[in-house]
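Engineer: Reproduced below are the annotations present in Swiss-Prot:
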COMPBIAS  11-21  compositional bias 'Low complexity'
CARBOHYD  ASN92  N-linked glycosylation site
CARBOHYD  ASN167  N-linked glycosylation site
CARBOHYD  ASN222  N-linked glycosylation site
CARBOHYD  ASN286  N-linked glycosylation site
REGION    1-21  region 'Disordered'
TOPO_DOM  1-34  topological domain 'Cytoplasmic'
TRANSMEM  35-55  transmembrane segment
Amino acid sequence: MEQKQHILKQSTFSSSPSSYSSISDRPISLLSRNGLLLLLLALVLLLGVLLPWPGSPLFLFPNRLSSSLSPSPQSKWRDYTLAQAARFVAKNGTVIVCAVSSPFLPFLNNWLISVSRQKHQDKVLVIAEDYITLYKVNEKWPGHAVLIPPALDSKTAFSFGSQGFFNFTARRPQHLLQILELGYNVMYNDVDMVWLQDPFLYLEGSHDAYFTDDMPQIKPLNHSHDLPHPDRNGETYICSCMIYLRPTNGAKLLMKKWSEELQSQAWSESIRFKANDQPAFNLALNKTAHQVDLYLLSQVAFPTGGLYFKNEAWVQETKGKHVIVHNNYIIGYDRKMKRFQDYGLWLVDDHALESPLGKLE
C-alpha cells in the first residue's frame, strides 16, 4: 500500500513539470503568432499610406519612395520627366499638349474648361515653362504638368514678339518630337483657344500631320485639304497654334525640320519673320511637303481669330459648325481677355469649377 502511494506521488510529480511546461507554452506561442500577424498587418497599412498606388504619378519616382515625408513636396516634380508624364496622362495612345508660363495660367484654366466639356481633360499635359506653373498645376492636378529644363523667365516670355517669347515658342517642335518618339499621337493647342466641339471627330483619315490655315480670307466649305500654294512672296500662312501629329516617320521629319529652321535663324526684334516660331513652321511644311502626308483642317471648323472675331456675317452663316476658336489677330494679354469676355468665351469667372484646376488664386 505504501509502495503504491509512493509510486502515485512520484508519478504525479514527475508529470507535473512537463504538463505545466506544455500549458504555459501555449499562450506564449499563440501570442507570438497573433503578434506576428498584427505586425504584418500594420506594415501593410503603413506601406499603403506611404506608397502611392501604381496609377499615381508619385509611383513614377522609384528612388524617392520617402518623398511623401519630404519637407518640400514640390521638389519631387523637378525629377518628373516627359516620358513619365506622357505615360501617366496618355489615353488611347494620345496626349494633348499645351505650353504655359505662369502669367497665362488664367488662359490655361479657361481652355481647360472648354476641353473638359468635351471629356478630353484627362489626356492633357501642361508643359510648364517655369517652376511657378509646374508647382501650381501639380498642386491642383497632380501629374499633369512637367518642366523640361531649362526653365524660362516668365517675364520675358510674356510679350509677343519679344526674344523671350521667341525662345518660349522655339522649343515647341522639340517637345512634340520627344512625345512622338515615345510612340504617342499628340495634339498641340495654344491656350488662347476655346473648344466648342470635339476636335477629334474632325481628324479624318490617317495622315501624318493636321493643321489650320491662319488666313482670314473665306474659303469654300468644301475647300482642298492640301497644303495651300505659297503666295507671290513664296509664303504660306499655316498656324502653329493647333497641330495634331501621329507617331510616324513623316511627322517626326516635320518636327525635326521645324526645329532646324528655328535654330538656323536668330531672333530679331526688327524682323517679324524671326519673332515667333510660325514662319519656321511654314518653311518646314513646304520643304517636307513631298515626304510628309499633310492635311489642312476645315476652315469653318477651325477658324482663325482674324475671321471669327472680325466677320460677324460669316460667323452667323456658319453657326454651329465651329469646333475650336483661336483668339489671335490681337496683341496684348488684357485685350485677348476682353475679347473673350465680349464674345462669351471667357469661362473662368463663372465656370472655374469645371476645370481640373478649379479656382486659381
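Residue positions begin at 1 at the first shown residue.
Keep in mind that glycine also has a Cβ here, set from the backbone N, Cα and C atoms.
Show me how these features fit into the shown structure, please.
Structural biologist: Residues near ASN92 (N-linked glycosylation site) in space but far in sequence (CB under 8 A, at least 6 apart, same chain): none are found.
Non-local contacts of ASN222 (N-linked glycosylation site) by the CB criterion (under 8 A, 6+ apart in sequence, same chain) are absent. In the three-state DSSP reading, ASN222 (N-linked glycosylation site) counts as coil.
Counting every protein chain shown, the number of other Cβ atoms lying within 10 Å of the Cβ of ASN286 (N-linked glycosylation site) is 17.
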Engineer: May I ask you to report the DSSP-based helix, strand or coil state of ASN286 (N-linked glycosylation site)?
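Structural biologist: In the DSSP reduction, ASN286 (N-linked glycosylation site) maps to helix.
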